[in-house]
Every structure is written in C-alpha cells, then in structure tokens.
Amino acid sequence: MSENDVLEMESLSDTEGVDRDVSVGMVDEEIVYPEEFLPTYHTIAQGAKLAKTLQAEFNNKPDSLFFNDGVRRIDFILVYEDEDKKEFDKKNTPQRHKKRRQFFEASLMNMGLELEGTKSVLDDKLMFVKVHMPWDVLCTYAEVLHIKLPIQANDLSSRPSPWRFLSCITKHFYPNEDLIGKEAEFFTAPFEKDRLEYFYMKDKDLFFTPAMRSRMASFEMLAFYILSRAPYEIRGNAKKFGITKLLDSGVYKAAYPLHDCRFNVRSREEGCPNERYLLYQEWASPKSFYKMQPLDLIRKYYGEKIGIYFAWLGFYTYMLALAAVVGLCCFIYGYKTQETSTWSKEVCDPQIGGQIVMCPQCDKFCSYWRLNNTCEASKKLCIFDNFGTLVFAVFMSIWVTLFLEFWKRYQAQLEYEWDTVEFLEQEEPSRPEYEAKCIYERKNPVTGVKEKIPYTKCGRCVRVSIGIGTVLFWILLIVASIVGVMVYRLAVFFAFSTSLRTQDLKQLEPIKEYVTPQMATSVTASLINFVVIMILNMLYERVAIWITDFELPRTKTDYENSLTLKMFLFQFVNYYSSCFYIAFAKGKSVGYPGNPVYLGHYRNEECDPGGCLFELTTQLSIIMGGKAIWNNIQEVLLPHLSLIFHRWVKNLILRHCARGDAQNTIPRWEQDYRLQPFSSLGLFYEYLEMVIQFGFVTLFVASFPLAPVLALVNNLFEIRVDAWKILTQFRRIVPEKAQDIGAWQPILQGITIVAVATNAMIIAFTSDMIPRLVYYWSFSVSPYGGYANNTMQGYINSSLSVFDTRDFTNDSKPIDSYNITTCRYRDFRYPPGHPRQYEHNVYYWHVIAAKMAFIIVLEHIVYLTKFILSYMIPDVPYAVKEQIKREKYLTQVILHETNLKLVTKHLKLRDDEDDPAVPPEENGSIEDLDNNF
C-alpha cells in the first residue's frame, strides 16, 4: 500500500452528489488488504464484470434455514430496499447505493461466500440476501481465527456433587434434561486444516456450530475478517469498506443471523434443533422462573459474551440469597425490638420526651416543639439503627469478598468449558472506525514492523485530555445539581417548618405522626433528586459515547472499557452523591442555636434528634426502588406496547395481502426482520444497571438491611425479563467471544474496597450507635453519670445540650417565645453559665475518639479477613487446572505426531528420490511436501 493510500469508512456524506463522469475504479493491485487478514480474498481486476447475486423465489417453506436447494445453510441475512423501485432523486443516492451494494456483494462472492437473493412476501421493495459459508471457507477462517474445536472426549473423571443425595429434590430446579441434555465435554485445540483427521468430527455439517458460523460471517468481533473488511467502493486512493458503514448509510437496512425457529412453536423442518423454543420453555418462560439457567445452551445459541453476562447475573443473584436472608433477619430483629429500646421509650415518654422543649430549627418563623413529636420516627429508626445492623455491615463486608472470590473460580471454570482460556486481546482485530483513520506510520515496539495509526503521540494526548476535561465538566455539573437540591432542602424545610407546626393536619390523620418537616423535606427532595438523576443520565449517555468515539480506541474491547469507565464514574457520582451528602455532610456543621452556620441565606440543615440514618434509608429506598421500577417499565412495558403496535401494523398489512394463511407463509428471515435490532451497547447497559445496584447493596447497606432483599427480588425478575427480551423481541444477537466480564471486574473490586470504609463511617458518623455505646460504658456510671450500673436510661437527656433563649440573635430569635427560658438541641456542649459555655464538652471528645477507633479497628479487621479469604480461595479450581494441563498435553502430542509423520515422509521421499528404480512421479513433489511442512 502506498503512502498516499487512505482507508476510510466514508469520505463523502450520503447526501453529496456523485459526478456521473467519474466511474468507480477497480484497482488490480494486491494492496486492498494484507493476505493474512483476508486469506480467501483476491482483488477484483479493473474492468472485470461483477458477479451478481442469484435470485430465487420463496419456496413456501417458512421454517427453512437453507437456500432453496435445501443443502446450503443460511449463515447470515442482509436486507436492502430495491433501488429500482424507489423514486429517482436528483442527487442520485439510490443509484449510488446500488453500485456500492453490487460491488460489496461481488467482493463477498470473491472471498468464497455464496449468496442467494429473495424478494419479501410482504413488501415488494424489500430484498433479502442469504449468505452461506462453504466448508473450505469455514476451515480457512477457523484456522486464521484460531477457533478451538474438539479433539477428544474429556477422560478425566469429574468429582461427585456434594448435593447428589438431594438430587430427587434439586432436579426440579434444573432445566428438563429430556429437552435440554447435558453438553458432552471435550478437550479442544486450535483448528488446523492439515490436521483435520485429529479433530473429533461425527458430522461434517455440524462440525461448525451455527454460532461459530455466524461469528465468522458477521460484522461483530471475529466478523471483521469478512463482512467488515469487504470493500464496497474504491475511488482513487480512497478505499471504503465494511458492512457497518453500509448499514449506517442506508445501503443495507439490516444484517443479522437467523433464529432457528419461532420462540413458542417448534419448527416443522426436519433436523431443526429448535434451540430458541427450548430456551423459551426452560429459561425465559414465566413458569420457569425458579429453574437454573441453561448456560451451555445460552452460550451455544448466543455466544460467550451473552453467556458470561447471564452466568454472572445468575451467580450474583444466587449469592444475594444469603445476604437477603441475613438482612431480613436483621430487619425482623430491629422491628421486634423497637418497642423495647430504652432511648426510644424516653423520646415517647410524656414525662421525659414530652417535657423536653426543642429549639427551633430555622430562624424567626419556626417555633419551639416537643421532643415526643418524633416518637413514631424514633421507633422506626430503631428498626435500622441497632446492634444487628453492625453485625450485618460486617457480614456484608465479608460477603462481597466471598462473592468476588467464588465468582473468579466460577468464571475460570466457564473459561475452560467455553474455550476462552487463551482468548487474548491481540487476537481481536482493530475496529473499522480505527483503521479508517490510520494515516500516520510508526514502528511497532513489539514486532519492529511499520504499522499505520490514526494519530501521533501529541494527537492522542489532545484527545485524551479533551475526554478527561469533558468528563470532569459533567461530574461538576452533577455536583452543581446536588448543591441545587441542597438549597431546595433548606428552603423547603423552612416552609414546612412554618406550616406543618401551625396547620391542622386532620386530613392526614393516619400518617400525622410521620409528617415532620424533616420527613416531608427528605421525601420531596429524594423524588426531585431521582428525576434529576434520570435526566442527567439521558444527557450524559450521548456525551460519553461522543467522547469515546472521539478518543478512537483501537479494538472493540478498548472501546467498551473506555465507555464503561466514563459511564460508571458519571453514574457513581450521579446516583450516590446525594446519599454521601446525607450520610457524611448533613447535620455535621450546624453550629448551635445562638450561632448557626449558614449556606448562603439559608441556615444549614439539621438531622432529626435520632440522627440522619432514617433519612438516608428513605433516600436509598426511593432511588433504588424508583430505578428498578423505571428500568422494568423500559424493559417490559415499552417493548410490549411496541409489540402490540407492530402486530397491529402487520395484521393490517396481512389483511391487504390476501395470501390466505399468511402467517405460515412468511419466511424465517422476514419474521426475524420484523423484530427489533439489538443495540451494540445493549449488554453494556444491563451490566451498568446491575453494577449500580451492587453499589447500593454494598456501599450503604448499614443503613438499609433490606437492600439485598429488594435486589434479590428485582434480579429474579431481571433474569427472566432479559431472557424474554432477547428471545422474543430482538433479532438473534450476533455471537461474540468473551473471556470475562471485562472492565466491570475491577470496578466491582473497587466498590468492595470503598464499601468497607463507607459502612464503617455510616455506623460511626451517621447512626447514634457509637454515642450510645460511649454513654452506656462511660457516662451512665461514675464519675460522669449517676447510675450504679451501666444503663441506657438518661441517654436522651445527656445527648441534648441546653441553650438559653436570651442568647438568640435578633436574626434567629423566634417570633413566638411562649415565655420559654431554655430549649434543647442535638449536640454535646457545655450549658449556659459554664465558664466554657457552648463549647464542646468532654462527652463530645470521647465520642469522636470512639468513632475514629471504631473505624480504624473495623476496617483493619475486615480488610485482614478479606486478604486471608482471598489468599485461601484459589482463583482457578484444582480440577480445572488439571483439565487445562491435560488439554495442553494432548495438543502437544498431536502436534508432535503430525510433525513426526511429516519428517518421516520427507526423509522417505528423499531416499526414494536417490533410488533410480523408483520413478519420481510416484512419490509426489518434494517441494510440495516442504511447503506443507
């Protein structure tokens, strides 16, 4: 390729005119692609006649997955609108599309693919091109792409399951073995045509599964080698290529592999595996919600990338069951003990809480109030703020470690079973968008060979800097929105404080005890914050994709990892910032009634006398619950409405077609075309949804023990909803290979590390557990207290400081004084008249020291336990290690035997050549044997 040659996806927009005097030239030089990338491709010579796709009428076999001859299997479908039946426009776009399509299809046939076109039975303008990969092409690309295929049955005995004695019960929780049998286990090796006899092949037609064929024929991942690299136009030195751009520009309307049958009806074709139907019956159907997932069949039908997602989601849901049981027990414990809490009884006691007058929580217009007004709120706080919560927080810190370590083991087992152990990133080809902009040269530091890159080092720094700057700008925008919600909280709290204390709330009689200024402010602010989160999500999603496109990552894995990091950073700040504010900022810097702290013109917000923990619980439940409801509306309700609309349109069309039993005469490829296309980022959003949920379950679980329960219920629905969507609503997803869950793995590990610190700080700074413990062990008895034994009696009085109402400033003094001389407020300060009045007392410093000690001790214990567990639990099971070693040994044996035979034959031929009695033509060509060797 010359220095002036430029590979591009598109140099002119589709709306630009085409000079009719300029013909589309076909160069006859072998420079379009390196031979190692397209082993079956030979450049179309200039002026050569383009091969045309053969046209065939529909044979009235709606379930057929073959060409009309019934022999060649359909590996892929391309759909386009016939340009000859379009209205001619002055910009000549349809004719331009036709030339590109014809050249593209000729290129595909030149690569060895076989094509057959068929008209639509519902729309005369639509044409369907069926793509078939012959055996020789399959073998060639299987070797080039290092696809691993069976060489021998697995002869290592598997260890018996510890649950085998309960098989009579557990078998009901697994897919029906009569429908979905267990996959046979084989040792595998990278395919080589010269060693075909060593591979385990019963049926030549079934040697390459449909998923493998689709990967080799599609435009996803391994598909670069054919559809994504086939040129569709060569103009001068600019070479345009790839099915992706043809889809974007409208040359083709769709490209997809076929479903093997309808999801709810078996195929009438003999020999059809009906895998889609089986998956629906045993996986996606609501009646199978309690069954384990048929992961091997999912992987076989959709590929490893979809399979690993559902494997991870299922494993995460399985582990959530244990966390949900423990969390539910902690919640029940708190619910049962709320009536026996000493400090809650004191709040509700008319002789204690009813006699304590609390200071106003805002300036001038707020009035004094009685502590027992928060009686019901204090009882509900006891449900979440108790010693069971501490135990649960420690348990969850250990649980996340076990979850990640056992997932690594399970993932390693799947890697081996699904032949992705040696799936390396360097095997992944570059994205067409990356190759299209490769105009600079550099020397590869590994191979020493010159290669094309799309930017210089300086250009890459500029791209990355712009991307980082944009991400930081949007994160600051989120922070600004949180500040706006904070200002709303301050302003609305002032309004609620002046209205709820004076108005008659008879219309709210059933919930009157719960309607406090703090609760009303918290609920409304949480709802507004949730709406802001959803709006910012929709805006930032477009920005993140634009930034990632601008950075131009080389491979699809790089692209997804870059987008994953950007989206997660944004979502982390967007979803969790309000929770961090309530947990660690609200009520921590409010001063005291005579000298309050202001945020602008508003007095800083205070917590309830029981702390901000219950408000944090409210915030979490609204955001987590609202997010789950919104996602289910998007995933279930909207597709249902879309399905109803499409059925109405289809019935309307069929009514006018007058084809009799038209539903039974629509071919398989046209039925699939009516389904929705699966977005290339569809799986990304599923992962993102679950990882955000994982953050809610782990980061703030100390304030909301029911979070694992809600997550478990949501995930039980999520698995079946996702399965139902991809099986019934979408075209068949192009299979892709994946070794693990990608960039989400380190993100999950980062969340688990942060979760230990956040939960320790929630218990220390957000709940009242540490102040209560300090009072119980130190300040309830001598020398600070007056009780003979450790007790919680008197805690409420000791946790509230005294304020002299004469010390109010003119700006903060309430209008209605009610002749009250002193009031109480939540803090640990010396009383008026003391030499150090309104300064923090010794109780405050004891509590601070206890909080810091608690955080340090808890973090070290938990981190040490996590480290020990990580060390004790190996990432790869011992049995899997044995199988990997056995497979490598068999592969080496085969290579050794093959090379030994070639050497023996080579030496024999040389000996026979030296023997004049043996004619050379009977021994074959030594040169040919050397080449094979």
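Placed from the backbone N, Cα and C atoms, the Cβ positions cover glycine too.
Annotation comment: TrEMBL describes 66-295 as domain 'Anoctamin dimerisation'.
Taken from TrEMBL, the feature domain 'Anoctamin transmembrane' applies to 298-887.
According to TrEMBL, the transmembrane segment annotation covers 309-335 (among others).
Sequence annotations record features per position, and here TrEMBL assigns transmembrane segment to 387-407 (among others).
For the transmembrane segment (471-496), the list of distant contacts is 361-362, 365-366, 517-518, 520-522, 524-525, 528-529, 532, 536, 540, 543-544, 547, 566, 569-570, 573-574, 577-578, 581, 599-600, 602-605: same-chain residues at least six beyond its ends, Cβ to Cβ under 8 Å. If you look up TrEMBL, you'll see 471-496 (among others) marked as transmembrane segment.
TrEMBL lists 516-540 (among others) with the feature transmembrane segment. Sequence-distant contacts of the transmembrane segment (516-540) (same chain, six or more residues past either end, CB-CB distance under 8 Å): 361, 373-374, 377, 474, 477-478, 481-482, 485, 488-489, 492-493, 496-497, 500-501, 567, 570-571, 574-575, 578, 605, 607-608, 615, 618-619, 622-623, 626-627, 630.
Look at TrEMBL and you will find 563-584 (among others) tagged as transmembrane segment. With a threshold of 8 Å between CB atoms, the same-chain residues lying at least 6 positions outside the transmembrane segment (563-584) that come near it are 467, 471, 474-475, 478-479, 482, 485-486, 526, 529, 533, 536-537, 540-541, 544-545, 547-548, 612, 615-616, 619-620, 623, 627, 681, 684, 687-688, 691-692, 695-696, 699-700, 703, 742-744, 747, 758, 761-762, 765-766.
Residues annotated as transmembrane segment in TrEMBL: 690-717 (among others). Within its own chain, the transmembrane segment (690-717) has Cβ neighbours under 8 Å at 289, 313, 316-317, 320-321, 323-324, 326-328, 330-331, 334, 384, 388-390, 392-393, 396, 400, 568, 571-572, 575-576, 579, 583, 613, 616-617, 620-621, 623-625, 627-628, 632, 744, 747-748, 751-752, 754-755, 758-759, 762-763, 766-767, counting only residues six or more beyond its boundaries.
Same-chain residues lying 6 or more positions outside the transmembrane segment (747-767) and placing a CB less than 8 Å from one of its CB atoms are 385, 389-390, 393, 396-397, 400-401, 404, 564-565, 568, 582-584, 588, 611-613, 616, 691, 694-695, 698-703, 851-852, 854-855, 858-859, 862-863, 866. Residues or ranges marked as transmembrane segment in TrEMBL: 747-767 (among others).
Sequence annotations record features per position, and here TrEMBL assigns transmembrane segment to 843-864 (among others).
Residues annotated as region 'Disordered' in TrEMBL: 911-933.
Residues annotated as compositional bias 'Acidic residues' in TrEMBL: 924-933.
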Please indicate, using numbers and ranges, the residues of the same chain that are 6 or more beyond the transmembrane segment (387-407) and have a C-beta under 8 Å from a C-beta there.
312, 315-316, 319, 322-323, 326-327, 329-330, 333-334, 697-698, 701-703, 705, 708, 748-749, 751-752, 755-756, 759-760, 762-763, 767, 769, 858, 861-862, 865-866, 869-870, 873, 875
